[in-house]
Amino acid sequence: MEPGNDTQISEFLLLGFSQEPGLQPFLFGLFLSMYLVTVLGNLLIILATISDSHLHTPMYFFLSNLSFADICVTSTTIPKMLMNIQTQNKVITYIACLMQMYFFILFAGFENFLLSVMAYDRFVAICHPLHYMVIMNPHLCGLLVLASWTMSALYSLLQILMVVRLSFCTALEIPHFFCELNQVIQLACSDSFLNHMVIYFTVALLGGGPLTGILYSYSKIISSIHAISSAQGKYKAFSTCASHLSVVSLFYGAILGVYLSSAATRNSHSSATASVMYTVVTPMLNPFIYSLRNKDIKRALGIHLLWGTMKGQFFKKCP
């Protein structure tokens, strides 16, 4: 088929991780378990933040938004992969592929911006503690989250519009478990040079900008902690941002690892395997990082579990 702007396609094939039939039940069980843990863990963080008045602070407001984004990122990719394994059908329609790309970029981009906002929140809390509640007022917090959603939505829309202009021929097999942007662009039989340039430019701008903000915030935080005289004061100050620093390291480290591994091996299946780190593993670990390191979250979750147990015992005794 000759490439051209009028080339019409209706579907792609998601090849997933392995073609071995014997591995499919194992992959289904593994990813279903990881997906359920991710959704449950992040839902508990959201419910604890909403229901406990002690957690109605800017830091936990941002954390609940991060948990929501984690649920959305995994829900964009994993259910479709599980359905494909269960039905032994690798087909995804062209429209569904575009929608999956749009929402994945939207939620992943939002996390990128939100982590920068959370770094700024920790910067204000440690470097300007007396003015923290004045600076991080509800209006500013809402505005920062709204701006993160808006920028991510516009970036995602730009990438989808760039894909729509491409023509596709007969090679419609995506060697991945979801419609990953680079993999889809590589299938195009029309010129995709502009697409790659837009990706490189926007990633450098919208990825490098927030990362620079995070590094700047933590440089100021480290300077402020270093100026504290007591060891207990230093530990208390550092503990307030340790969880966020762990999540940032995991998020950017996973993304960097994916692109370094794909550039080194040039193997699409290796890239798909590495992508599990930031699409599944990172969202799954985030609730554990925050709950294990945070006494307020553990207390709130403990109260809810205790209250749920007491209610269960009460209703069990009722005739």
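Cβ atoms are placed via backbone N, Cα and C, with glycine included.
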Shared topological domain relative to the membrane, Asp52 and Asn89, Swiss-Prot: no
Cys189 (disulfide bond), number of other Cβ atoms within 10 Å: 16
Cβ atoms near Cys97 (disulfide bond) (within 10 Å, other residues, all chains): 21
Contact set, same chain, for the topological domain 'Cytoplasmic' (218-237): CB under 8 Å, 6 or more residues outside the stretch: 119, 122-123, 126-127, 245
Tertiary contacts of the transmembrane segment (100-120) (same chain, 6+ residues out, Cβ under 8 Å): 59, 62-63, 65-66, 69-70, 72-73, 76-77, 80, 92, 144-145, 147-149, 151-153, 155-157, 159-160, 163, 178-181, 184, 206-207, 209-211, 213-214, 217-218, 244, 247-248, 251, 278-279
Composition by DSSP (helix, strand, coil) of residues within the topological domain 'Cytoplasmic' (121-139): 16 helix, 0 strand, 3 coil
